[in-house]
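Okay, structure first, notes after.
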Amino acid sequence: MKSLRELELAGKRVLVRVDFNVPMDDKQRITDDIRIRMVLPTLRYVLEQGGRLIICSHMGRPKGKRVEEYSLAPIARHLAGLLGRDVGIAPDCIGAEVEAQVAALGVGEVLLLQNLRFYGEETENDAVFAGKLAGLADVYVNDAFAVSHRAHASVVGVAERVAEKCAGFLLQTEIDYFHKSMNDPIRPLVALVGGAKVSSKIGALENMLGKVDKMIIGGAMANTFLMSQGVDVGASKVEDDLLVTARNFLQAAGERGMKVYLPVDFVVADRFAADAVHKTVPADSVPEGWMALDVGPASSILFREALQGAGTIVWNGPMGAFEMDAFAGGTMSLCRDVAASQALSITGGGDSNAAVKKSGEADNISYMSTGGGAFLQLMEGKTLPGVDALEA
């Protein structure tokens with residue numbers, strides 16, 4: 001996979017795929033622009049090298065129709081402020097009018113194409129649509145790690161049709177950090193896995209067998225593992241169809257010498273609500289009709305001890321329903337412990353990153369990945385279609 005610095009960009013039409021799928025309020029104001037800021041080094045480099053910059057992205061799920069609330073016009077205005085230069089907004093992402101705008105684009109000028117997902121052909125990796133996008137570019141740059149696990153037209157189809165192609169700085173950084181953490185880690189390597197469902201993480205868990213030295217499992221998915229060991233977790237969320245899978249995983253981990261840490265206590269509630277009655281109980285003493293919504297203080301101490309001396313920490317998924325303050329304690333404690341560690345620490349996934357931001361520890365994490373699904377796919381030991389297309 002070539003890097004951006006290897007290509008000649010002067011005077012070239014440089015099409016950069018980014019992920020500008022940022023949150024907005026009801027007045028079309030951006031509430032968090034981190035995804036835009038993360039690709040600024042790539043965009044600035046293209047401009048510094050005399051490229052003619054064309055940017056493409058999706059936003060939301062307009063399902064192949066033009067939906068004004070998903071227009072990228074507010075992004076163009078915001079980006080102009082960050083770059084300190086005008087950013088044109090195209091009326092569309094393909095077509096004669098767009099082709100004319102690209103042809104007229106001067107060196108150092110910027111054009112943002114309209115939302116790619118206004119066309120259903122984008123998510124279908126349609127050959128004709130990909131060909132029209134590719135026709136706008138002399139050079140293609142993928143700097144959208146967060147969508148590189150999707151075989152979409154702007155991610156795979158365009159890369160297959162443009163001879164000069166490379167990874168942007170953000171995509172390269174993401175791949176490098178993942179390689180450092182999982183393929184060539186400073187040991188011991190500790191994996192923290194949380195979130196709601198075992199079903200969405202089992203591929204990653206099984207791939208990490210034999211690769212990580214310790215694993216901490218929290219969040220609602222821990223209930224299924226505890227239940228597989230005969231622990232009654234009351235009305236807590238359990239995936240009954242995965243009890244055997246969970247039991248087999250724990251057995252395999254033991255056989256390979258990988259220590260797995262499960263919660264030993266919970267903060268339980270009588271219902272899933274911020275104002276629910278709640279209390280702390282041992283993991284095997286969840287009252288009938290109550291549900292576990294966070295790991296308890298004894299679990300936090302256990303997990304802190306498990307992290308001591310770690311060389312590398314990889315974290316995907318929260319320990320509880322941290323969006324409600326009553327059930328945020330376990331996740332916030334873990335954020336502080338990971339931040340205090342001397343280990344190389346990497347978080348992946350929207351919930352994990354949101355938790356770190358809530359804790360105020362973002363500056364003390366080595367790297368916060370921009371990709372949830374892409375990060376998880378790498379954790380599963382799979383390649384990313386977007387990266388494969390750059391290497392073809």
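Yeah, the Cβs are placed from backbone N, Cα and C, and that goes for glycine too.
Binding of substrate is attributed by Swiss-Prot to D19, F20, N21, R35, H58, M59, G60, R61, R150, and the same site annotation extends, among R85, R117, R187, R247, to R117. The Cβ of H58 (substrate binding site) lies under 8 Å from the Cβ of D19, F20, N21, N115, L116, R117, E122, V147, S154, each of which sits 6+ residues away along the same chain.
Note: K201 (ATP binding site) has non-local neighbours V193, G195, M221, N316, G317, L376, i.e. same-chain residues 6+ apart with C-beta under 8 A of its own C-beta.
For G350 (ATP binding site), the same-chain residues that are 6 or more apart in sequence and have a Cβ closer than 8 Å to its Cβ are G372. Put simply, the two farthest-apart Cα atoms among K201, E323, G349, G350, D351, S352, the recorded binders of ATP, are 21 Å from each other. Within 10 Å of the C-beta of S352 (ATP binding site) there are 28 other C-beta atoms, taking all protein chains into account.
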